[in-house]
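J.: This is the structure I want to talk about, given as structure tokens.
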Amino acid sequence: MVDMGGLDNLIANTAYLQARKSSDADSKELQRRRRSLMLPGPQSCEQLRQALATDFHSLCEQQPIGRRLFRDFLATVPAYQEARGFLEEVQSWELAEEGPAKGSALQGLVTTCAAAPVPGRPHPFFSPALVTKCQAATTDDDRASLVELAKAEVMAFLQDQPFREFLASPFYDKFLQWKVFEMQPVSDKYFEEFRVLGKGGFGEVCAVQVKNTGKMYACKKLDKKRLKKKNGEKMALLEKEILERVSSPFIVSLAYAFESKSHLCLVMSLMNGGDLKFHIYSVGEPGLDMSRVIFYSAQITCGVLHLHSLGIVYRDMKPENVLLDDLGNCRLSDLGLAVQIQDGKPITQRAGTNGYMAPEILMEKASYSYPVDWFAMGCSIYEMVAGRTPFRDYKEKVSKEDLKQRTLKEEVRFQHSNFTEEAKDICRLFLAKTPEQRLGSREKSDDPRKHHFFKTINFPRLEAGLVEPPFVPDPSVVYAKDINEIDDFSEVRGVEFDDNDKQFFQRFATGAVPIAWQEEIIETGPFAELNDPNRPAGCGEGSSRSGVCLLL
């Protein structure tokens, strides 16, 4: 007899894996769609030109297309190109591994700054005072401080006349064309949908592929009726707004937010490597090698620090919410419980997952703030090492009240042989019962990255993506439940939508998120293709009257 569930899973997995392999613009259908694309004409950009804030940091540093076009503009003026080249050399020095080569690079930067300008003509971007100080520098500490000053002077220079000239140049006109293109409406027709990856309280997560770029994403589909029935609209909007704000390589990024007839959809980074809970318990003996524990903990710490820098408390830090990408790097996911701190006021609402909640969350009428994430971090490091959480053994049946009392009263014990002294110490500090004694919260400058547990991690290189992960997921494996193991939802009856609901849906469905969308356009090829001056003119079949070919 044929196992239809197994057959359905095989078919879904095969289509999904094939889509992942073909996401590099090699299919004929994708090439045909690409040929139909065309940027809007300059005349359609005038309204945006008047409305768009001309902020240097946003236009030339944060937004990938703006950064690329500003770089191309600088290359047209020798002095501007020289300034850009200096900043690139500074970045290379900052990210270099410690050693003689880094020292030589520092000396070279100071020599560049100390070079005497042409008599009677001041240096275009270094002040006379800086040049004099660089000429007199004798120690590496002095040189490093002077390079930081030089970097600041070059940035100030670029933000002045070069930026004004950029705004009046064809390069900025091109940027506006891309911004108009970015603002086109997005619907479910924009994507090809593949297998379901999982389900949550309000809907399912499935794999999708952008039809015109081949980029794969995860789409979190929130059932509109289920959201309304369970009063989940506010939480869904908060998660969406938080995802829009975050910009970290260690947190899943939001690329699109749109609505279909039945769902509100969040399109986010697709993490093909599975979650850390799977890797802890389902691959070999419970627990992970210490090299992986340190690497993942370092990336998670960077992600949590980024959230805290934005005034956000995560509240759901646990291995199940940490996902691996194709290369083996990890990101925090599921920000559904994350909350924005308002005016520095602590939180009182209880939220989190049993076994990872800090004592101050569990205590009656207690308030809490950022330190709860560091307690959960301690639980997660412990679990990665030992294959169990600090206060409950794996699969141990224990009541919520017993687990609460253990968390409040018991001291953590380290019985697993894999614990190093550094791992024990960082877990003890993260798992301190009171927030004031907890690592990351003892004082304003208390940075967990400085703990000796991370002595092998070069954090600037880690944040730049230059540290090789200790484990790379198998690209031929689907790290997700079989589709027949994912329960279906029952139909929600008796829910009708009014004008307030429709306004909420429109507020949620804002389309493409600029940074993620621009990264996709550059990464998958349309940026180079549509900017190519030798590309044949004309939009082909299906062009719109505005001159923009919609990505349908």
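All positions are counted from 1 along the displayed chain.
The backbone N, Cα and C atoms fix where each Cβ goes, and this holds for glycine too.
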J.: Say Swiss-Prot lists Leu197, Gly198, Lys199, Gly200, Gly201, Phe202, Gly203, Glu204, Val205 as binding ATP: which of Lys189, Lys215, Lys220 is in the same site, per that record?
T.: Lys220
J.: Where Gly203 (ATP binding site) and Ser36 (phosphoserine) are concerned, what is their Cα separation in Å, rounded?
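T.: That comes out at 34 Å between the alpha carbons.
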J.: Can you list, in sequence order, the residues of the same chain other than Leu197, Gly198, Lys199, Gly200, Gly201, Phe202, Gly203, Glu204, Val205, Lys220 whose CB lies within 8 Å of the CB centroid of the ATP site?
T.: Lys221, Leu222
J.: Across all the protein chains here, work out how many other Cβ atoms are within 10 Å of the Cβ of Ser36 (phosphoserine).
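T.: Summing over all protein chains shown, Ser36 (phosphoserine) has 17 other Cβ atoms within 10 Å.
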J.: By DSSP, what is the split of the domain 'RGS' (56-176) into helix, strand and coil residues?
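T.: Per-class counts: 93 helix, 0 strand, 28 coil.
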J.: Measuring Cα to Cα, how many Å separate Val205 (ATP binding site) from Ser36 (phosphoserine)?
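T.: Val205 (ATP binding site) to Ser36 (phosphoserine), Cα-Cα distance: 30 Å.
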J.: For the binding-site residues Gly201, Gly203, which Cβ has the most other Cβ atoms within 10 Å, all shown protein chains included?
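T.: Of Gly201, Gly203, the one with the most crowded Cβ is Gly203.
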